[in-house]
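Since the structure comes first, as structure tokens, the remarks are kept for the end.
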Amino acid sequence: MAPEHAVSAVPGWRLWAWAVVVLLVGLARLGAVPLFDVDEGAFSEATRELLASGDWGHTTLNGEPRWDKPILTYWLQALSVRAFGLGEFALRLPSVLAAWSWAVAVALFARPRWGEAVALAAGTVVATSLGVLAIGRAATADALLNLWLALTALDLWRHLEAERESPAARQALWRAGLWMGLGLLTKGPVAVLVPGAAVLLFIAGEPRAVWRERLVTLLGDGRAWALMLVVAVPWYAYALDRHGQAFIDGFFIRHNLARYGGTLEGHGGSVGYYLLVLPLLMLPWTPVLGLVVARVRGLWRVPLGRYLLGWAGFVLVFFSLSGTKLPHYALYGLTPLALLVGQALTGPMPDGLRRVFASGLVVLPLALVGGSLLVLLNAPGLQHPLYRALLSAPVEIGGLLGAGALASAWAAWCLWGTRPALPWSESAVSGALGLALLVNAALAPWWGERLQAPVRHAAEAARQQAGPVAAVQWGLHLPSFAVYLQQEAPRRAPRPGELALVRTDQLATLAAGGHWQVVHAERGLSLIRWHGVAATAAAAVTAPRP
């Protein structure tokens, strides 16, 4: 099965120039955004504790075992922190590099099959979709997992399309085994499930003799399986030997089986959840995705089209049936959709759809900025006291408005000002990169300051206290507090002499009958020093705020 419309597999200079631009956009102001809780804070604090303890085989969060994910993300974050120091830049750098590698891998897959224009378009869909912009700069495991999923499934296709028993077919399968092993070390069984389902769905549609032969080849290649097992099994065996049933219960049962079979941590949703979420995650490319959906029959007749549709369809159906639903699960099927959208973007497109896409790309930057400001305007009416306090403070908006206007103007110039000098798809690529820069360099830092700066400031105030002092989170789960504090901050009531981070609106209730001193207070969060419970209720003693 030869590659369709094969062209030179050697990337041209434009592809590498594009890759450099994508990397620079991903790195823009990476260290200027405070860590977002809960996920970024939890991963980052677990990494900090790994480095502090010197125990590279096990992760903890505030001293308690953390079973959520396997070890690889923490290792990469720890190496980055070793190189660049503890901070947002170092903690997020592995995700930025993973998201960038994911986009480049998609482009390199597309180029020999459909040409450079499709490669640039498909890679940009990955790099600039709103969902990827969110996980691609987050200090979590998601960008890394999506890289391994993409590399595995794309190499499985390279194996399928190559001559049987050829070196290219064998090497592609061996690489797929390596990527699956790394995926198992990143997030667990899903790293095998998604690409495995994609290839099984494809070969199931072939004549019986063909699919049986392919299945025997896939399952019988000992080197591919050995690579996967050599990479993944040592850590799993170590964790099982060290922790026994606690590891099985915490990782395999709670964070895999129970996550699928039930609603974990309140993250539920209807069967149609991802039909609503996926179009949002793929903005600004959603209108072109509609064209892909309209052409499904034609795509299904082409082997690679059938493979990509099966991959995306499996993700959509499987995770729609999951009890626990999180938006980023839909991104496991983004790679095949990006390739199909890249094809559609460079091919014939109805004029009406082209106008809709162009208008959306111009309007979206202003819509994101406007939506952010609308949230601020409505903040006084929010039901949640903490978020009401975080978002109700006066804020300067001129810079954000200017950045949104600039991104919209850039998109308009790319789409209309560069024609006909640039092909339509390349104009769209340039405009989308401007949108990504707005999100990374302006919107993310702006929201970080609104939501997370008080947590960082409270930790800084705690570190300025004389002498070593324990600090806790009282009625809160904001693990980034411990990262900025650079010591564990368990979730419990304080003991006399300890510092406690607490919601200001809950302070009087939690501390009723006790003595405390406010060390720092900002936008709904208070850092107090707890002096203990009095024999009789006493008025709180509040020191002047710094």
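For all residues, glycine too, the Cβ spot is worked out from N, Cα and C.
Here is what TrEMBL records for this protein:
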TRANSMEM  15-36  transmembrane segment
DOMAIN    68-235  domain 'Glycosyltransferase RgtA/B/C/D-like'
TRANSMEM  89-111  transmembrane segment
TRANSMEM  117-136  transmembrane segment
TRANSMEM  180-203  transmembrane segment
TRANSMEM  215-237  transmembrane segment
TRANSMEM  271-292  transmembrane segment
TRANSMEM  304-323  transmembrane segment
TRANSMEM  356-377  transmembrane segment
TRANSMEM  397-416  transmembrane segment
TRANSMEM  428-447  transmembrane segment
> Is the count of Cβ pairs under 8 Å between the transmembrane segment (356-377) and the transmembrane segment (15-36), pairs 6 or more apart in sequence, 3 or more?
Replying inline: no
> Does the transmembrane segment (180-203) come near the transmembrane segment (397-416), with 3+ Cβ pairs under 8 Å (pairs 6 or more apart)?
Replying inline: no
>> Using Cβ distances below 8 Å and needing 3 or more such pairs, separated by at least 6 in sequence, tell me whether the transmembrane segment (271-292) contacts the transmembrane segment (304-323).
In response: yes
>> Could you check whether the transmembrane segment (117-136) and the transmembrane segment (89-111) come into contact, where contact means at least 3 Cβ pairs under 8 Å with the two residues of each pair 6 or more apart in sequence?
In response: yes
>> Which sequence-distant residues neighbour the transmembrane segment (89-111)? Criterion: at least 6 residues beyond either end, Cβ under 8 Å.
In response: 7, 9, 11, 15, 18-19, 22-23, 26-27, 30-31, 35, 40, 43-44, 47, 73, 76-77, 80-81, 83, 118-120, 122-127, 132, 135-140, 142-144, 146-147, 150-151, 154, 335, 338-339, 342, 483
> Tell me, what is the mean pLDDT of the domain 'Glycosyltransferase RgtA/B/C/D-like' (68-235)?
Replying inline: 95
